[in-house]
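Visitor: I have a structure here, written as structure tokens, and I will follow up with some questions on it.
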Amino acid sequence: MNNLSLANEKTKIQVRGLEFFYNNQKSLKSIDMTIPEKRITAIIGPSGCGKSTLLRVFNRIYAMYPKQEARGEVLLNGENILAPGYSMNRLRSHVGMVFQKPVPFPMSIFDNISYAIKHHEKLSRREMEDRVEQALRGAALWDEVKDKLKQSATGLSGGQQQRLCIARTIALRPQVLLLDEPTSALDPISTGRIEQLITELKEQFTVIIVTHNMQQAARCSDYTAFMFMGELIEHGDTDTIFTKPSKTQTEDYITGRFG
């Protein structure tokens, strides 16, 4: 058993009274939670429980779609990212996201990484090469692609493509990394590599992962949040959530009685 406790952690994200609406229908109900800095927090729960919706609030990606609204507070470093004055560009520089299905850009491996950087920073060619290498090393992909950086990224395997997407995200040096079912489309070997990478990423980033795979949550995360029908049922250190949950609903889900 570990000795983790949210009370002893430095807070990265504080959620207060968060509610979310699709077409005026409430899908998140009064969420209060603390995301600790440079830890891995897993969000679990049955399909439709609101876990991916919650993840998308953390970078306001919902704002791209009509009739979606978040109310309440999501404090990143003490500032409310839902406030009208908090710019989307600033938020994107702080919070990066990797999606379920890897989507490499139809360009070279090198350009996949450099493309996003060019929109945020002006770097010399040497600085860009160094940044691309750092990102690929950070995503545990450098050794596999260092001799083919000019080749198309679409020729990579599924697992390599997902690590490329992670590299593309961390190249911008965000503070928070959101992962939405990052291994659901991958084979077991690729999944294992991504899971190992996730545990390494927390040295530099605050990581939040949504997963249907409870074993993955147990293996990778420091803290776990269980959601059901738009509500946060329980949130605590992963060992306790999986071995001694305080709520019956949590125990029923983890033991397979529903979900």
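Backbone N, Cα and C atoms are what each Cβ position is placed from, and that goes for glycine too.
Keep in mind that this is a model prediction, so the values were computed, not measured.
Straight out of Swiss-Prot:
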- G45, P46, S47, G48, C49, G50, K51, S52: ATP binding site (BINDING)
- 13-254: domain 'ABC transporter' (DOMAIN)
Visitor: Would you list the other residues of this chain near ATP - those whose C-beta lies within 8 angstroms of the C-beta centroid of G45, P46, S47, G48, C49, G50, K51, S52 - in sequence order?
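Guide: Filtered neighbour residues, in order: T53, M227, F228.
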Visitor: How does the model score the domain 'ABC transporter' (13-254) in terms of mean pLDDT?
Guide: 96
Visitor: According to DSSP, does K51 (ATP binding site) fall in a helix, a strand, or coil?
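Guide: Looking at the DSSP assignment, K51 (ATP binding site) belongs to a helix.
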Visitor: Sort out for me which one of G45, P46, G48, G50 has the most neighbouring CB atoms within 10 A, since those are the binding-site residues we care about.
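Guide: Answer by Cβ density within 10 Å: G45.
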Visitor: What number of additional C-beta atoms lies within 10 angstroms of the C-beta atom of S47 (ATP binding site)?
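Guide: Step by step: centre on the Cβ of S47 (ATP binding site), count other Cβ atoms within 10 Å, giving 8.
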